[in-house]
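S.K.: Let me begin by handing over the structure; questions about it come next.
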Amino acid sequence: NLVQFSNMIQCANHGSRPSLAYADYGCYCSAGGSGTPVDELDRCCKTHDDCYARATKSYSCTPYWTLYSWQCIEKTPTCDSKTGCQRFVCDCDATAAKCFAKAPYNKENYNIDPKKRCQ
């Protein structure tokens, strides 16, 4: 779920940036999403959105509210859930959190005007 995803982000980036810094970034790191991702970090968010869409389609679940089991092992989010929607959503979140940790954060892409930048 969103709280677990936030905690995974903190695990992967070692607490270097608050999770909310990603909540209104680029074209895809917020509710909805459209157009071309503005950079590598925004591509991480688009991939995460696409992963959640696959979870919804494949498992008829609601990824934003799905609880799963995971651990932060050596600063790496690691999924414990074994099957179905829980595992799929956990993998989506863990992959995105690791992607966020590797991608540069460009302050000019925070809180952009999607009507101008997300065509």
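Any Cβ shown, glycine's included, is placed from N, Cα and C.
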S.K.: Can you sort out which of Cys92, Cys99, Cys118 is the disulfide partner Swiss-Prot gives for Cys51?
M.R.: Cys92
S.K.: Identify the disulfide partner of Cys85 as annotated in Swiss-Prot; candidates are Cys44, Cys45, Cys61, Cys118.
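M.R.: According to Swiss-Prot, the disulfide partner of Cys85 among Cys44, Cys45, Cys61, Cys118 is Cys61.
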S.K.: In Swiss-Prot, which of 30-40, 74-84, 107-117 is labelled region 'Important for membrane-damaging activities in eukaryotes and bacteria'?
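M.R.: Of 30-40, 74-84, 107-117, Swiss-Prot gives region 'Important for membrane-damaging activities in eukaryotes and bacteria' for 107-117.
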S.K.: If you pull up Swiss-Prot, which of Cys11, Cys44, Cys45 shows a disulphide to Cys29?
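M.R.: Partner cysteine, according to Swiss-Prot: Cys45.
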S.K.: In Swiss-Prot, Cys99 is paired in a disulfide bond with which of Cys44, Cys72, Cys118?
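M.R.: Here Swiss-Prot pairs Cys99 with Cys44 via a disulfide bond.
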S.K.: List the helix, strand and coil residue totals of the region 'Important for membrane-damaging activities in eukaryotes and bacteria' (107-117) as derived from DSSP.
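M.R.: Counting residues per DSSP class in the region 'Important for membrane-damaging activities in eukaryotes and bacteria' (107-117), I get 7 helix, 1 strand, 3 coil.
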S.K.: Considering Cα atoms only, can you say which of Cys79, Cys92, Cys118 is the nearest neighbour of Cys29 (disulfide bond) among these disulfide-bonded residues?
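M.R.: Result: the closest of the disulfide-bonded residues to Cys29 (disulfide bond) is Cys118.
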S.K.: In terms of DSSP three-state secondary structure, what is the assignment for Cys99 (disulfide bond)?
M.R.: helix
